[in-house]
Amino acid sequence: MFHFSRLVDLRTGPQIPRRSNLTFTDQFDNLEKHTQWGIEFVEKYTKFVKERSEIETNYAKQIRNLSKKYQPKKNSREEDESKYTFCRAFLTSLNELNDYAGQHEVIAENLTSQIITELSRYLLELKTERKTSFHDGRKAQQHIESSWKQLESCKRKFERDCKEADRAQQYFEKMDADINVTKADVEKARQQAQMRHQMASDSKGDYSSYLQKFNQEQNEHYFTVIPNIFQKLQDMEEKRIDRLGVCMKTFADVDRQVLPIVGKCLDGMTKAAESIEPTTDSKQVVESFKSGFEPPGDVDFEDYGQAMKRTVSETSLSNSREAKEAKEAKERPAGKSKGKLWPFIKNKNKGSGPEDFSHLPPEQRRKKLQGKLDDLNKDIQKEMDQRDALTKMKDVYVKNPQMGDPASVDPRLSEIGQNIEKLQFEAQKFEGWLAEVEEKMPSKSDTNRRSGLYENQNNTTVSNNCAQDRESPDGSYTEEQNSETQVKANINPLPPTSSTPDFDDEFDDEETLPTIGTCKALYPFEGHNEGTISVAEGELLYVIEEDKGDGWTRVRRNEEEEGYVPTSYVEVFLETNAKGAMTYI
């Protein structure tokens, strides 16, 4: 196995210490540069992941803002749009897109927690470990260099002492051979030579001892200390590389973990798109803009060429029309007046219109008044709840004066009482308008029967079935009071009952209504009220009259058993070509 320690040239034979030190220093510098480059690479990869995380965060933010931008606003127009399947599908897609953005936020969070944070902490440990290893290497290098210098010093001292001993010996021999030198000088030279020889001998011993010590330290330095340091550096490098591999794998796994949820979001968008029903939306349009008027009858030909007695006033078109309408009013059954031409003439009344919505067609006016009345009832109930809560609080204050002053609640109670009176007055006003509209509108059964049989009736019959006057020249219209007595409708309409004599006679005398579709009961319905029919969950029935906006659908079980059921309790499947399904806007 290859180790960093083999970067040092360790020869088996004799080697020059200085040259070995230079070899080690060179390789040590190379390793220092390489490990520094490795740390910089980890920092670069950390920066890469951080930028990717920022991209995911910004992308998720932009997607969330896009979803929020196209969310429906809180106004009546958007609320009306929510009943269409394609609007609901788009809203579902926006919600799924919001969840989709959340998954990209999860990616950014996981990249930060599992990679960026971990690598940042590991970089600190890596730098500390590298610094410690190279500090130990420099210390070992300084120690061996210091030992080498001491060895060189001992060697030079031994060499110097040997030379001094040789010179002292030569001087002694010269003095001893000279006959003119005194014996004392010869003895002095001899002692000096002996001292120099002793010093050389001591230097030799010191040099030999330190040389042995240096060789031992050098051997330990190159075969133990440096290999251990290099091994630590090698382990550090391998851990760094392995950690990078783990992070790169995590980088891919973070994306892979959210793929199932992203797939569910996309599946939700697909399911929402598949839930769009064009037929249902078109029926909603019919229901929303249904006027409640019946088609106008044919205009009769007035022959002015025949000789006939008429006053001067009868020659005008308006008087002739009034006379004709009066004549038709006598001939047609009670409660059935002439229709209007309002669908074909543009209404000139722009803007919000009067408070009683009299500028709208009867059906639309009824819906608007009913909606306004429901809102007022909700506000009244809300004020009553606040009044009850304040009354209870006042009772608590009366029983426990330390908790508060009972008189402090009176101003608010008085204000709420005034608000309730105003709201109740408004509610009564709208109730009157609603009752007026429902009195003037034809009954549900009459409207449905006339709509279903319209194609089979001749022009005269259609003309006699009209219930409203023609539109006035200024674009508004007036309604004629029906000649027959109408049953005043309640604010919350109930299904038609057989207790009314007019309804019984009409229901018994009319022909059997055609089947316009089928329905399946989603929930059981007891049908305790008169005019209703009980159904069991999952039961299949025939539809003979669809919901006209009052929340009830007329169904038939067999020839003798039919009645009304709540529209929300059944799933209706109308036949496209059925005559009874025809509705006039």
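The chain as shown is numbered from 1 upward.
From the backbone N, Cα and C atoms, a Cβ is placed for every residue, glycine too.
Heads up, TrEMBL stuff is auto-annotated, nobody curated it.
It is 366-393, from the ranges 142-169, 366-393, 534-561, that TrEMBL records as coiled coil. If you look at the coiled coil (366-393), the same-chain residues 6 or more away from its ends with a CB under 8 A from one of its CBs are 292, 356-357, 360, 404, 409, 412-413, 416-417, 419-420, 423-424, 426-427, 430-431, 433-434, 437-438, 441, 491, 549. With DSSP classes pooled into helix, strand and coil, the tally for the domain 'SH3' (514-575) is 3 helix, 32 strand, 27 coil.
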